[in-house]
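Look at Swiss-Prot and you will find Leu20, Asn27, Lys157 tagged as xanthine binding site. Among the features that Swiss-Prot reports, 5-phospho-alpha-D-ribose 1-diphosphate binding site is placed at Ala129, Ser130, Gly131, Ser132, Ala133, with the record citing sequence analysis.
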Amino acid sequence: MNILKDKINKEGIVIDNRILRVDMFLNHQLDIELLNEIGKEFKNRFKDKEINKILTVETSGIGIACVVAQYFNNVPVVFAKKHAGSNMGENVYESKVYSFTKDIEYTIKVSKDYIDKEDNILIIDDFLASGSAMSGLIDIAEKSGAIVEGVGIVIEKEFQKGRKIILNKGIQLESLAIIKGFEDNKVVFK
């Protein structure tokens, strides 16, 4: 997706040839025009799927997922919580995930009230790197009996193992910008 790659090249900041900051348009401040283009692109790539729910993980995926949902007939968006409050109760699906950026393991949780075997889920997130968050979301969906129709990623770090993990599960993966690596603190796209 050229508009996304251009935005990454113009505004993204690479730190230590390993971390890409895009918080200025994707996961802190949101560029709504760009998110609408992302939503259209995911709709095009998953147009043959009968999606009735979008699943993501807090917090960076929520804004993206909400815009994407508008292109799938305003289906509900469910997000896995990293820090479930006492009002969530114990009737939850949960899975452990590791955050590459924060170097922390979380237990993510989704209430059993919001996903079940009737759901055809599209998982949406901002980044795919090690695949831990996606594995956790897929695990939660599978525990609920839902069908994971696909995974939509805005930016993928191809040089990490996330892609392989998802494809080995037989799930359609669509990434809008795929990064081969970093050189001299610049992004190298596939």
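Just so you know, the numbers here start at 1 and follow the chain as drawn.
In case you wondered, yes, glycine gets a Cβ from its N, Cα and C as well.
Recorded features from Swiss-Prot, shown on the structure.
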residue : record                                              : Cβ within 10 Å
Leu20   : xanthine binding site                               : 21
Asn27   : xanthine binding site                               : 20
Ala129  : 5-phospho-alpha-D-ribose 1-diphosphate binding site : 24
Ser130  : 5-phospho-alpha-D-ribose 1-diphosphate binding site : 17
Gly131  : 5-phospho-alpha-D-ribose 1-diphosphate binding site : 23
Ser132  : 5-phospho-alpha-D-ribose 1-diphosphate binding site : 22
Ala133  : 5-phospho-alpha-D-ribose 1-diphosphate binding site : 28
Lys157  : xanthine binding site                               : 23
Quick one: of the binding-site residues Ser130, Gly131, Ala133, which has its CA closest to the CA of Asn27 (xanthine binding site)?
Ala133
Other than Ala129, Ser130, Gly131, Ser132, Ala133, which residues of the same chain sit close to 5-phospho-alpha-D-ribose 1-diphosphate? List them in sequence order, counting a residue when its Cβ is within 8 Å of the Cβ centroid of the site.
Val97, Tyr98, Phe100, Leu128, Met134, Ser135, Gln160, Lys161, Gly162, Ile165
Other than Leu20, Asn27, Lys157, which residues of the same chain sit close to xanthine? List them in sequence order, counting a residue when its Cβ is within 8 Å of the Cβ centroid of the site.
Gly12, Ile19, Arg21, Val22, Leu26, Asp126, Phe127, Ala129, Ile155, Ile179
If you measure Leu20 (xanthine binding site) to Gly131 (5-phospho-alpha-D-ribose 1-diphosphate binding site) at Cα, how many Å is it?
16
Between the two most separated Cα atoms in Leu20, Asn27, Lys157, the residues recorded as binding xanthine, what distance in Å do you get?
16
Reported as an integer number of Å, what is the Cα distance between Ala129 (5-phospho-alpha-D-ribose 1-diphosphate binding site) and Lys157 (xanthine binding site)?
5
